[in-house]
Protein chains: 6
Amino acid sequence: MTAFTRTQNRAANALRPIKITRGYTVHAEGSVLIEFGATKVLCTASVEEKVPPHKRGSGEGWVTAEYGMLPRATHTRSDREAARGKQSGRTQEIQRLIGRSLRAVFDLKLLGERTIQLDCDVLQADGGTRTAAITGAFVAAQDAVNGLLAKGKIAQSPITAPVAAISVGIVDGTPLLDLEYVEDSACDTDMNVVMTGAGHFVEVQGTAEGVAFSRAEMTALLDLAEKGIGELMVLQQQALAA
Amino acid sequence: MTAFTRTQNRAANALRPIKITRGYTVHAEGSVLIEFGATKVLCTASVEEKVPPHKRGSGEGWVTAEYGMLPRATHTRSDREAARGKQSGRTQEIQRLIGRSLRAVFDLKLLGERTIQLDCDVLQADGGTRTAAITGAFVAAQDAVNGLLAKGKIAQSPITAPVAAISVGIVDGTPLLDLEYVEDSACDTDMNVVMTGAGHFVEVQGTAEGVAFSRAEMTALLDLAEKGIGELMVLQQQALAA
Amino acid sequence: MTAFTRTQNRAANALRPIKITRGYTVHAEGSVLIEFGATKVLCTASVEEKVPPHKRGSGEGWVTAEYGMLPRATHTRSDREAARGKQSGRTQEIQRLIGRSLRAVFDLKLLGERTIQLDCDVLQADGGTRTAAITGAFVAAQDAVNGLLAKGKIAQSPITAPVAAISVGIVDGTPLLDLEYVEDSACDTDMNVVMTGAGHFVEVQGTAEGVAFSRAEMTALLDLAEKGIGELMVLQQQALAA
Amino acid sequence: MTAFTRTQNRAANALRPIKITRGYTVHAEGSVLIEFGATKVLCTASVEEKVPPHKRGSGEGWVTAEYGMLPRATHTRSDREAARGKQSGRTQEIQRLIGRSLRAVFDLKLLGERTIQLDCDVLQADGGTRTAAITGAFVAAQDAVNGLLAKGKIAQSPITAPVAAISVGIVDGTPLLDLEYVEDSACDTDMNVVMTGAGHFVEVQGTAEGVAFSRAEMTALLDLAEKGIGELMVLQQQALAA
Amino acid sequence: MTAFTRTQNRAANALRPIKITRGYTVHAEGSVLIEFGATKVLCTASVEEKVPPHKRGSGEGWVTAEYGMLPRATHTRSDREAARGKQSGRTQEIQRLIGRSLRAVFDLKLLGERTIQLDCDVLQADGGTRTAAITGAFVAAQDAVNGLLAKGKIAQSPITAPVAAISVGIVDGTPLLDLEYVEDSACDTDMNVVMTGAGHFVEVQGTAEGVAFSRAEMTALLDLAEKGIGELMVLQQQALAA
Amino acid sequence: MTAFTRTQNRAANALRPIKITRGYTVHAEGSVLIEFGATKVLCTASVEEKVPPHKRGSGEGWVTAEYGMLPRATHTRSDREAARGKQSGRTQEIQRLIGRSLRAVFDLKLLGERTIQLDCDVLQADGGTRTAAITGAFVAAQDAVNGLLAKGKIAQSPITAPVAAISVGIVDGTPLLDLEYVEDSACDTDMNVVMTGAGHFVEVQGTAEGVAFSRAEMTALLDLAEKGIGELMVLQQQALAA
């Protein structure tokens, strides 16, 4: 129906090559470099034996995330947020999304009064950094949990299901899976979908950048996202089994 | 199907009483107090004969929004953001959503090099402040545009369609329309939907606060939202015709 | 003696129409909309069962205030202080004045170790926002204190006297009571006076914007202020009795 | 009428020893160390050949002030405002007062499009820092203006009158002139008065710290202030003539 | 002379294994991952066709640097500077050092009115991050300059010499080259030395963390640094030739 | 050997006239005005009976420093850091240097759990403010320690040695001691050296502003610095004996 051609003739419903590297850095309890094509995000999970004020004395733990992008992760250099003195609204939106997505698959009671702090830093950006971050952060979090189990700090895993995320969008009328930067810039509708291993939705965030989208288009996008997330979960499990 | 009882026996698919008061304050080019039940948001539209740097010289205008909440709009007092020295991530997320939603129904070329600045300030909160803000901001923006047309500053309206928003959610397994605060706090899934007069989606933001939601639940929620937004648009037009 | 004509032929020594609406919003322990003509300020009193560090363990309570103005409360839009990341010097000056004025009529020992936090937010500005804020905040504080008495949290009212405030100024050589915006902008001298029910001064802040003022002019201004504050106190009591 | 004894048996209506040292530092166009007893404030006047945005192209100049206190100017060390990242409300109030007071005796048209920036930094504090600052800043400003006249940059002095300031207060029922720190802490009422050489008021800021003050007390305080400011103006002229 | 044993029996005067990877990320004009043992720093050079205000219209360019550390680059997680809202004193010190060091080998006139912005981000820290950053930034800067030459934007290289840096220190009385983290924590004296290819000093920053150091010790440290920097420069040239 | 002539024919290896005034202000436990020629820095030492978090419960004390410059200490006015809302990188670098230098001569165990806070504020700048600050801060710290000994709060002095600092540099090929502003601006190399009474180095910070410096030049500079610091220590002891 459309003549739109993707980089390297990728099919409209195909993911980019995905690569998940565990143990990318040595200090963190979980450290994963995740690549969605040219997008590279370093996700670390740090275990801290304390919780934020609203959880103190609750017997429950906490899972939270921060997101950043190196200044030259992008085509043109963007300002360093630490130098400007504040995180942009976009950054805050993304890190709140990552935190909520991971908490959705955690039983905070089983975690005990400790925090898993996820840091997702984009080394190189080519679209889909937030979905790569969620998908990689899950693997880092699983490694951190495995460490807690191995040390006997917890008896049972607080992780209730895997979680992964993908972007979908409509470019020139065609629904596409896993948008890269040029597609993301050109798309009319952009949707980020986060799902659990059970095939349920954790987050759906669809935005019409140009023309508003119809109910039928929404259906097509959700179908694509379900397919992609299913594939990502296989890759997560393969990486964790390695 | 469920035993959940809403305040004042409201039906699961019913909006709260909606009230739209134009001309609520005197200085702004558009000034609307919108009430969704006990939620009260003052939406003003200010016309400024300048544009932000990224639009200068483009011949295009800009539409943007800011959101705030009076410290005691809520059950317990929250810190004043001006005193703390920064807007929260939640505030930034909401004002970015309002801005995108309104821009989706503006032809910025027809607006000319001027800015419509929307300020949405919550006087009293009882759930649904962001959807009330979008719905009220549209009416304020329409008033501002009518003023520009009346003064001959623009020849043709840059507004391409109405826009309105509503929240939907699942509480104790039941899909509900237009959540009030106690429902919002209790819900498993919370979704904010923004639509145009043509029945298309501008934004869909669904979040599983507790259990992840199924595709079938998503379908039910979107159905509810479509119904509610249709009703809101009738009320917007009635208010504008008054 | 002068040809200066006020809006609606108001007499030089007359207040604007004053309106005090209690219970304007539902969550706060005291919530008052006060109107001095077109100036509208929402004053809420929040009771918090804690005190700031300098009062901890003292057995005494604290009364403090914050002040804000909605961006489009004024003729032209002013920046949102939360977005700019700081409160202006003017805002800080005003909120410190409101706090001192209210503390002047509180016996902090009788209040016990709790805080009454006053929030004065200007919905619409037409001169005199700080004096309206003080006058309205007293009513909101009285409501909050009545609530504490009713719940048996305190046995005796910590309020020792009513307090109210008014602006006076010299415009074109004529001393005027209760300046509205156009008078305030044009005046040579602007004075804000805060008094107790006993007819004593809590604050006198006079500023020569243009020509410095003589001792005789000061006397005339204080006479006017005494008259106006006496009238405001009658209105406060009527509102509280309603 | 009272048994209150001041340091070194100072009379109730006497100033502390006042010392005005011109040329205290070498770089500024005006540099004055002013001492009110143990209170020492360094006041510099810097001439800058530019004006702030609101004066650009107006043909008028600007006079403004900043105020600071060295961390250990006081009995116990206070935080450094530069390290905390913001100026306190008190600091902003004081520097706004100094700026207004000086502008009251400047004809900004005669100054031309340049700025006189006054910096008042407290080296040692013992009460009355803001009144010392205003009194010293006038001398520094006069020196800066004399420099402009000498260099031929302006043909006529923009200074229309001298300006000086003093604090007065009621301690244990006695009106006192020029409060030192222990008196200031103990006083019921504290008033700062700024006057011109013509004997007119520029600013009157009276605050009841404890008991509210009567009209008769106000009269007594203004009498004292008039006397003190008259004496300060003699000392200013002597310093400038030296 | 001492019994101190280094990791993997490294000699006191030996560098750790050094690895320089060019083209580590794709967007920047120069992108180098430099590894000093377990210390890994990503250095990017971005060319921007503009200069900061103090260089505008001068015909000269500018070279500057920013430094950051990912939160979990270290053994225990450190706060994200962007989230805290400011860069630490340590960060600012380091980025100023990197900027000065690189400018020391640039002829800013030959660069023309453009900026080379160096970003040095620590992915993994094990001591010596600032010296690795300088050494890697030089390679990234050279790549950026080569790109400008290749595109004909400049006719002659503005780089006047190579520059590299190393740390030296005294641990338990023994002078050591290229301190790793455990050595750095234990050392009495820590010195960072920056040199040009001509064997001259650009920066020498020696700090006695514990006992002050003698002139003889200083001599020994400078000897070590000269040796190490000589070796680093060979490695830089090999990397650039690859 | 060179034709460079210093102000007032000062010899290349001569200090400027040094003046150390103890008790310059009255409130601080130590208060010293130190003058290196026209450079004047007020150094106060404040004793606080508490320590920062990282020392709590350690039985050890802390010594730290803050540095500031009055806006018109310099030839042209610089922005007030408190008004800008942050300390510059330069300021932070200097105050960290002062803190480290003083801690190098303190036995923190002997100090007990209390803090000596040094504040170094530049009243007038003409080069060498950081070295004057360190040299003066030592005298202020000694006065504060003497006070603690006199009050019996500590039994033994925690000061292990005197500490002082001087700048040296190469101007037009000539090594100079104690650079004043015009020399500092013109120099190729600028080095700040901090030494103890035992003739050992605490800090050496050399920077090539223009041409990199040779090992021989470094040797000459260190020789000069040793000479100058020896003389400063005599002056410190004379001041303390006065």
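Each Cβ is built from the backbone N, Cα and C atoms, and glycine gets one as well.
According to TrEMBL:
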DOMAIN    A:15-144  domain 'Exoribonuclease phosphorolytic'
BINDING   A:Arg90, A:Gly128, A:Thr129, A:Arg130  phosphate binding site
DOMAIN    A:162-228  domain 'Exoribonuclease phosphorolytic'
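Where TrEMBL records a feature, it is marked here on the structure.
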residue  : record                 : Cβ contacts under 8 Å, 6 or more apart
A:Arg90  : phosphate binding site : none
A:Gly128 : phosphate binding site : A:Phe36, A:Thr39, A:Ile166, A:Ser167, A:Asp178, A:Leu179, A:Glu180, A:Asp184
A:Thr129 : phosphate binding site : A:Thr39, A:Val41, A:Met69, A:Ile94, A:Val122
A:Arg130 : phosphate binding site : A:Tyr67, A:Ile94, A:Leu97, A:Ile98, A:Ala165, A:Ser167, A:Asn192
Taking the centroid of the Cβ atoms of A:Arg90, A:Gly128, A:Thr129, A:Arg130 (phosphate site), which other same-chain residues have Cβ within 8 Å of it?
-> A:Tyr67, A:Ile94, A:Val122, A:Ala125, A:Gly127, A:Thr131, A:Ala132, A:Ala133, A:Asn192
Per DSSP, the domain 'Exoribonuclease phosphorolytic' (A:15-144) contains 42 helix, 41 strand, 47 coil
Tally of helix, strand and coil residues over the domain 'Exoribonuclease phosphorolytic' (A:162-228) according to DSSP?
-> 20 helix, 30 strand, 17 coil
Tell me, roughly as an integer, the mean pLDDT over the domain 'Exoribonuclease phosphorolytic' (A:162-228).
-> 94
Widest Cα span across the phosphate binders A:Arg90, A:Gly128, A:Thr129, A:Arg130, in Å?
-> 13
